[in-house]
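Written below as structure tokens is the structure these notes are about.
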Amino acid sequence: MASWWRAFPQAARRYPWPTNVLLYAGLFSAGDALQQRLRGGPADWRQTRRVATLAVTFHGNFNYVWLRLLERALPGRAPRTVLAKVLCDQTVGGPIALSAFYVGMSVLQGKDDIFLDLKQKFWNTYKSGLMYWPFVQLTNFSLVPVHWRTAYTGLCAFLWATFLCFSQQSGDGTLQSIFIFLRRKEASDKSPEK
């Protein structure tokens, strides 16, 4: 195990794209598994495979290319540059990734109207993301080396994916919906068995 752990940073430097994409996809998929666990009931591995498919084919790759593009367009870690990167990420990258998630999941689930979830949940989810992602990316752009940025985003996306997958399955894209669900679940777990 120790040798694997030491080899991982070398792989990220030598093969940054596949290493970052696979790590991102694994963490994003784990977020879906966590939200299923929180909801209770049997695990839906087909759903987790769909999330993993979308994370590997789009999200991990998009984030890898997008973060490198931002670094090329706005190089450095000066405060103004970092703020410009965060602004670009939240006004361009965020909406693209969020739209791809809702539409991609609808396609993979075989829904008739692949844009319905996007239409119903985009704005609420985007606003919820604005309470999380600017702070994540502020840290990312100012402290994390370029070759680790997608992996760091994936680590932070673990929490986001938990929320996002819940919203796609049964929420409305607001943080309030998940808190209400968790409160109800806690109350039902505490109620005496009949």
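All residue numbers here begin at 1 and follow the chain in the order shown.
Even glycines carry a Cβ here, placed using N, Cα and C.
Listed in Swiss-Prot:
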| type | residues | note |
| --- | --- | --- |
| TOPO_DOM | 1-14 | topological domain 'Cytoplasmic' |
| TRANSMEM | 15-34 | transmembrane segment |
| REGION | 16-55 | region 'Targeting to peroxisomes' |
| TOPO_DOM | 35-50 | topological domain 'Lumenal' |
| TRANSMEM | 51-67 | transmembrane segment |
| TOPO_DOM | 68-91 | topological domain 'Cytoplasmic' |
| TRANSMEM | 92-110 | transmembrane segment |
| TOPO_DOM | 111-150 | topological domain 'Lumenal' |
| TRANSMEM | 151-168 | transmembrane segment |
| TOPO_DOM | 169-194 | topological domain 'Cytoplasmic' |
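Residues 12, 19-20, 23-32, 34-36, 38-39, 47, 51, 55, 59-60, 63, 67, 101-102, 105, 117, 121, 124-125, 128-129, 132-133, 136-137, 139-140, 144, 174-175, 177-178, 181 of the same chain sit 6 or more residues outside the transmembrane segment (151-168) yet have a Cβ under 8 Å from a Cβ within it. The list of residues near the topological domain 'Lumenal' (111-150) in space but at least 6 beyond its ends in sequence, with Cβ under 8 angstroms from a Cβ of it, reads 12-13, 16, 20-21, 23-24, 60, 63-64, 67-68, 70-71, 77, 81-83, 85-86, 89-90, 94-95, 98-99, 102-103, 105, 156, 159-160, 163-164, 167-168, 171-175. Per-residue pLDDT, averaged across the topological domain 'Lumenal' (35-50), gives 90. Residues 29, 105, 108-109, 161-163, 165-166, 169-170, 181-182, 185 of the same chain lie 6+ residues outside the topological domain 'Lumenal' (35-50) yet bring a C-beta within less than 8 angstroms of a C-beta in it. Sequence-distant contacts of the topological domain 'Cytoplasmic' (169-194) (same chain, at least 6 residues past either end, Cβ-Cβ under 8 Å): 35, 38-40, 47, 120-128, 131, 163. Counting only same-chain residues 6+ beyond the ends of the topological domain 'Cytoplasmic' (68-91), those with a CB under 8 A from a CB of the stretch are 129-130, 133-134, 137-138, 141-142, 146, 149.
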